[in-house]
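Have a look at the structure below, then the notes.
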Amino acid sequence: MKTIDELLSEGVAGRRVFVRADLNVPLESGTITDDGRIRAVLPTVKALADAGAKVVVASHLGRPKGAPDPAFSLAPAASRLGELLGSAVAFATDTVGESARSTVAGLSDGQVAVIENLRFNPGETSKDDAERGAFADQLAELADLYVGDGFGAVHRKHASVYDLPARLPHAAGHLIATEVGVLKKLTEDVQRPYVVALGGAKVSDKLAVIDELLGKADRLLIGGGMAYTFLKAKGHEVGISLLQEDQIPAVTEYIERAEKTGVELVLPVDVLVSPEFPDLKTKAPTHPTTVAADAIPADQEGLDIGPETRKLYASKLADAATVFWNGPMGVFEHPDYAEGTKAVAQALLDSRAFTVVGGGDSAAAVRLLGFDEDAFGHISTGGGASLEYLEGKTLPGLAALED
Ligand code: ADP
Ligand code: MG
């Protein structure tokens, strides 16, 4: 894989460089609530601009339906990028249309432009190779060189991630190089004990990684929404908690395999439950109760790990040499259900382990709950991408950057 440093040493002055970034930041009524992903691409954008390139930054944001939708505009991300760079960033109001062409044509050396959300064009995410290829052809007209730095999207076979690098001389940006370097430490010569904490809401996405981790990790701590599928597989009732009924056979097999191979699979012993999901906008107080994990009432939903589980998980993290954490332990956006996630974050800070935090919401949780992100070994910008890497899958966006 060619690095951006090699590209820079060949000289990029006056060249138009397309940077596929991941500016998919969380927005609340047009305001960015966490700009971590924008800051993560700064080293690459700065290096190119300082070297005199005309930098064309592109990204997706959210899941618009293949057509322009103001709710998913990249305009707020473009202005934030400008603030962070300390210089004006031009913004094109389309992806490959008149605005993009004239904006790019108007760039002087060292200037940066952002083009509108790539997913406003159906070709970006199309399953049809020809449709994706046609969009990639149009994108290729905007640039002379390609730098892949959108780590959060490398597991997607999308036009700007997979097809475009095949059409332009390409290199990997600083963020992708860093992310891949860190993930290698979790897959090659890992320091033990290796403890993995998994939570979050995307249960079916995350169950697949457990299959792989059962052969790699020494200990797996399960929290968040997926805990309830495990509790159910153990024969406990889970009330109205998040449940992936169709995954119970797979989960049952994981539990059996863990026992056979001596991997410690740790489940919550108590949980916080509530009759309804909390209001994340008003953050109005709710009335959570703590119940044993095998005694969840039929009309209640499990929304966080309980106090005993917090202590248990902290003790299971204390002696770790390597930790991978993906997915909050509870609905951390509401203060009533943030303690489980806080406890895991604190346990990581207290341990001397090399820690990798993966997942958009996990990373946001670390920052929103007031932790100093620099105290963690590495906060990955890509949840799905890091999970698929750990699963041993070939990631289209990384494969496309190989020569
Ligand atoms: P990440 O982005 O870190 O990979 P996910 O997107 O999978 O994590 O999940 C994050 C979401 O999971 C958060 O919005 C959080 O509120 C939610 N969550 C955590 N625990 C539960 C639970 N027990 N029930 C429902 N949602 C949960
Ligand atoms: Mg998420």
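Quick reminder: no glycine exception, Cβ is built from N, Cα and C everywhere.
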Task = Taking TrEMBL at its word that Lys206, Gly302, Gly359, Gly360, Asp361, Ser362 bind ATP, choose the one of Glu179, Glu245, Glu264, Glu333 listed for that site.
result = Glu333
Message = Need one residue: from Arg80, Arg119, Arg132, Arg192, the one TrEMBL lists with Asp22, Leu23, Asn24, Arg37, His60, Leu61, Gly62, Arg63, Arg156 for substrate.
response = Arg119
Note = Filtered by Cβ under 8 Å and at least 6 apart in sequence, the residues in the chain of Asp361 (ATP binding site) near it are Gly200, Ala201, Gly327, Pro328, Phe332, Gly383
Query = Looking at the binding-site residues Gly62, Lys206, Gly302, Glu333, Gly360, Ser362, which have a C-beta within less than 6 Å of some atom in ligand 2?
reply = Gly360
Ask   = Where's the emptiest Cβ shell within 10 Å among the binding-site residues Gly359, Gly360?
value = Gly360
Query = Which of the three DSSP states, helix, strand or coil, fits Arg119 (substrate binding site)?
reply = helix
Query = Counting Cβ atoms within 10 Å across all protein chains shown, which of the binding-site residues His60, Arg156, Lys206 comes out on top?
reply = His60
Key: 10 Å Cα neighbourhood of Arg37 ((2R)-3-phosphoglycerate binding site): matching binding-site residues from Asp22, Asn24, Arg119   = Asp22, Asn24
Query = How big is the (2R)-3-phosphoglycerate site in terms of the longest C-alpha to C-alpha distance among Arg37, Arg119, Arg156, in angstrom?
reply = 18
